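Residues or ranges marked as transmembrane segment in TrEMBL: A:12-33, A:45-64, A:94-116, A:122-142, A:163-184, A:215-237, A:249-282, A:294-314.
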Amino acid sequence: MLLNRLKAGGPAIAKQGILVAFILFMIVFSLMSDRFLTADNIMSVFRQSAIIGVMAVGVTIVVIGGNLDLSVGSMLSFATVLVVDLHDKIGPELAIPIMVLATLCLGAINGFLIGILRLNSLIVTLGMLSAIQGLVLIYSGGQNVDIVDQRGTWFAIFGRGSVLGIAAPILIFGLMAIIFHVIMSTMPFGRKVYAVGGNPTASVFSGIPRSRVVFTTYLISALCVAVAAIILGSRVMGSQNNVGQGYELQVLAAVILGGTSLLGGAGSILKTVLGVLMLAFIQNGLILMGQPYYTQWLVTWVVIIVAVWLDVAAKRGRLFSPIA
Amino acid sequence: MTNKMRILLASCGTLALASAASADTVRIGITQNNVGIDSYQTTYERAFIAAADANPDVEVIVLDAGGDVARQISQMQDLIQQNVDAIIIWPTDGQAVVPAVRNAHRAEIPVIVTNSNIAEAGMEFIAAFSGPNNIQQGIYSAEMMCDALEGEGQIVQITGMPGYTTAIERQQGFDERLAEMCPGVTQLDIQPGDWNRERAQRTMETFLTRFDQIDGVYSGDDNMGVGALNAAIAANRAEGMVFIGATNFAVGYDAMGRGEYWGSVYQSPVDDAKAALQTALDVLAGEDVPKLNYFDTPKITQDNMEEFDRPVF
């Protein structure tokens, strides 16, 4: 069995269930399509996954802290509509900071309700999902927004530019992932998030400012959404009112696939990155093989469930277990 | 929205009292799908109210279901209770609203369906349908694709949200007409873009990786078409590639002006709204109205685009 070999490889490998699933998956796909493992395609998938990826970095931190954020989808719509609309009105150098501040305000509302008032995060962010969508519609009056001068604006660098042949969205995604990985794994703030998510009561008795930590995780999530909105707006050069609709579930799927516990206290940003890439490669690979869309929906979720199972099984050291 | 509704309802109420004596005035209620979710529906509502205001013999009660089937069904019941002369409905769900439409039919209130038709089972309960012919739009797009490629080439198709009537019908019209008119044009693959420009851009990027030669792209609307165009430009492969869309958007119109986009189908929400009101008035006037009333959605290409106003969405 695969698992026995995993265990024989030592505990270090046994803990990397998601990595093993990812590699297996890549091998299968590259056998089925000769275009799959080309440099062009890999770059293309990395670039496509950047928007979901940046958002997933923020949501991972929220989830490690023991909460959920379902409002990121409509927050993305809000931020993208705002930055694209303001771009033509006041120019990108003002549009970007105003959009970032406005999005942080939404994050602060989430943080206040969940961190300070201690309301249930599922209910609050589900409510915010709908409330923010309403806000977008009020702001835009239902109109799509577009950047008129698409070729002449420096705003294009975030979505369409590149440095040394690497597309800007990939660099931004990579940078965000590394920064927050370092914060989460080496800095006191990171340890506090794990503590609050793992055992809220114990963390309070240990003198950790739980409310402030949770509040900050929602600010980080909103910041990530703002960055994702810059990439999205720059890449598409326009926005629909509901552009982010459904993205919250893709983000959450990537976070779960990365092995972050929905109960809080455990998870890793780098593994979320793996989850994001795996989802993007599945969608890409199935289109490369010419599979119809319903296969994509089916396969995506089968893979998520199998990967989560492999991950859990690797941690337990056995495929089936009556106890968790 | 609620305030606007309240004012409209209140004014309609008073107007109804005031005009109770004049038998010529007709009261028409409309329950819309989801105003504000996109520019098309927003413009539609404005145009509908403007058209009703321009006609002194018409009072309208304007409601919006906010995309919620349950709310739309209760709005139908409200309108039946108010005993309006006719009801116009933009179905949130073609299947689920059928019982509500049947109730109106039983109360002898004629129902006019606008924009997207209801399910086959409900057809016997409606007075008429007024809206675009999506199959015809697909046929137009196929004809433009044939013309542009001169009957020879390899194309890909990016469809709307799977399951949406509009998406299904446009694809159906396109596929059938293309196969019949120019068998020399082959479709390499068909994948959804979910009416979302970023999603369509991603789908097109993968097509570009997968196929070395793509001569044309048909998208279920211009919003997705421009996403596909963006992807092709970024890959330096847009030169000579033919982009055909449907529901001409402002971005598609502009790209056409730059010579990057070949053609689309012009569908005006203003025409859509006016046609719905006119159909209702024709029904009330006792005219012999056909079950299916399609308003004209002509082809728009780089050659004839000056004849059309730039779309407002």
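Quick reminder: no glycine exception, Cβ is built from N, Cα and C everywhere.
Automatic, uncurated: that is what TrEMBL annotation is.
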Message = Contact between the transmembrane segment (A:94-116) and the transmembrane segment (A:294-314) is defined here as three or more C-beta pairs under 8 Å separated by at least 6 residues; is that satisfied?
response = no
Ask   = Near the transmembrane segment (A:249-282), which same-chain residues lie under 8 Å Cβ to Cβ, leaving out any that are not at least 6 residues past its ends?
value = 17-19, 21-22, 25-26, 29, 45-46, 48-49, 52-53, 55-57, 59-61, 63-68, 70, 72-73, 177, 180-181, 184-185, 194-199, 296, 299-300, 303-304, 307-308, 311
Inquiry  = Under 8 angstroms, Cβ to Cβ: which one of A:45-64, A:94-116, A:122-142 has the largest number of such pairs with the transmembrane segment (A:163-184)?
reply    = A:45-64
Note = If one takes Cβ-Cβ under 8 Å and requires six or more residues beyond its ends, the residues near the transmembrane segment (A:122-142) are 68-71, 73-75, 77-78, 81-82, 85, 106, 109-110, 113-114, 241-242, 245, 248
